[in-house]
Amino acid sequence: MERVEVTSVTHSQGVRMLFSLMTPNESSFATVREVPTYVNQATPYFIGLILLEIVLGWLKTDGPHIKINDFITSLSAGMMSRLPQLVIRSLELSAYIYVWNNFRVLELPWDSAWTWWLAFLGVDMGYYWFHRFAHELNFLWAAHQVHHSSEYYNLSTALRQSVTQQFSSWVFYLPLALMVPPSVFAVHVQFNLLYQFWIHTELVKSLGPLEWILNTPSHHRVHHGRNPYCIDKNYAGILIIWDRMFGTFTPESDKVVYGLTHPISTFEIWTVEFLYYPYLWQRFWEAEGISNKLSIIFKGPGWTPGKPRLGDIADIPQLTGEEKPHDPAWSPAMQAYVLIQFMLLIDVYNNLLMDQMILSELSVLLLTAYVLLSLTSLGFLIDQRANAAELEMLRCVLIVALQRFGYIKPLVPLLAFLIEVFVLISAVYWSLQFVNQRTNGMKKHN
């Protein structure tokens, strides 16, 4: 396989790209191949800021506290959402390049600051409309609801992304392809996504006058709320001016209760990602008449016959002030085990993203399958599923095999032996748990 050089960002750029503080001079490229994979290279900065938020939350008596089950579920969703791009090019970029190559009416210079700023505004407004439609069209909400399913609001929530959302968002950026070069678009579509990471926090209360122009933690907290005043508000990516212009802005007032109006109460990643699709199909199938069936698909998620297009705000479950996030009890030992295994998984996942262009196809497929199996198994453990022991046993055996054949290499080589011993002990433990469950099941059956 041809080796493709990956353009790396400096530490200064790595921090500034999270806040959309990069300049045109340092982020303008002639071709798409030259554009850095900013999002993939942002992982260490995501982790660093998440750790900082955790520490500051501990230091503040009334500060936010991250729950391991929700934290891992959010990161799992983010990891899963990036996996399709290991085997297919980003649909956003592919569609954009196709329109540029075949239908552009004007070719703006790639190295012009005017082109750079036009793309900044165009991508941000395109995101606003995509985001708004993702809330107002039920079939798009099926994907986007994943991001809103956490009942907490912290930096890890930003990473709770949908696998399927990327297959619809591309449409809203195509007008730019009529004149803005793909390399410029490829930069800004990443910057727009990265900016939205840091605004998912309760630690930052207000940014003063910047609240009038920028999307801020305060504005975005409203967007994640299930309070009646929060529904369908504040869709902005970077600039809040779009919400002010198009009538969807509201400031933060009452204490925000986060999550979906009907919480899903699970941490199992496949359920988190795809639960809404069977529900949508059921509603479509049960609706009477073709008009109602089409309305189920193309109107808001709260629509029912006889109601406005986006539903009636009065139908939203009323908040009592006693709402508690879904947080079933599980032992500290199990929490520590899942967290350690997840940290080891992140190392494999990050190496897979960074080295995908120099890995063989077999290696990419094997490691992708391992990541998916791991996300599933750890989700089963968190959800305390009956068959979690069996799946985790198989996963540990697979880890040992991948390590032995050189597909998995630890970040710190000196720890390779300790990690292997830990995984072997884990495989034995889960094997015993599985045998014990089977034995008890047979006794009960007899």
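These residue numbers are counts, starting from 1, taken along the chain as shown.
Every residue gets a Cβ built from N, Cα and C, even glycine.
What TrEMBL lists as transmembrane segment is 42-59, 113-130, 170-191, 334-352, 364-382, 411-432. Look at TrEMBL and you will find 117-248 tagged as domain 'Fatty acid hydroxylase'. The annotation domain 'Alkylglycerol monooxygenase C-terminal' is assigned in TrEMBL to 334-421.
The helix, strand and coil residue counts that DSSP assigns across the domain 'Fatty acid hydroxylase' (117-248) are 86 helix, 3 strand, 43 coil. Under 8 Å from some Cβ of the transmembrane segment (42-59) lie the Cβ atoms of residues 14-15, 17-18, 65-66, 154-156, 159, 194, 197-198, 201, 203, 346, 350, 353, all in the same chain and six or more residues away from its ends. Contacts between the transmembrane segment (334-352) and the transmembrane segment (411-432): present, as 3 or more C-beta pairs lie under 8 angstroms, all at sequence separation of six or more.
Broken down with DSSP, the domain 'Alkylglycerol monooxygenase C-terminal' (334-421) shows 71 helix, 0 strand, 17 coil. Away from its own ends, the transmembrane segment (170-191) comes close to residues 17, 20, 22, 27-32, 34-35, 37-39, 91-97, 99-100, 103-108, 110, 115-116, 118-120, 122-123, 126-127, 129-130, 133 of its chain (Cβ-Cβ under 8 Å, at least six residues beyond either end). Across all of the domain 'Alkylglycerol monooxygenase C-terminal' (334-421), the predicted model scores a mean pLDDT of 92.
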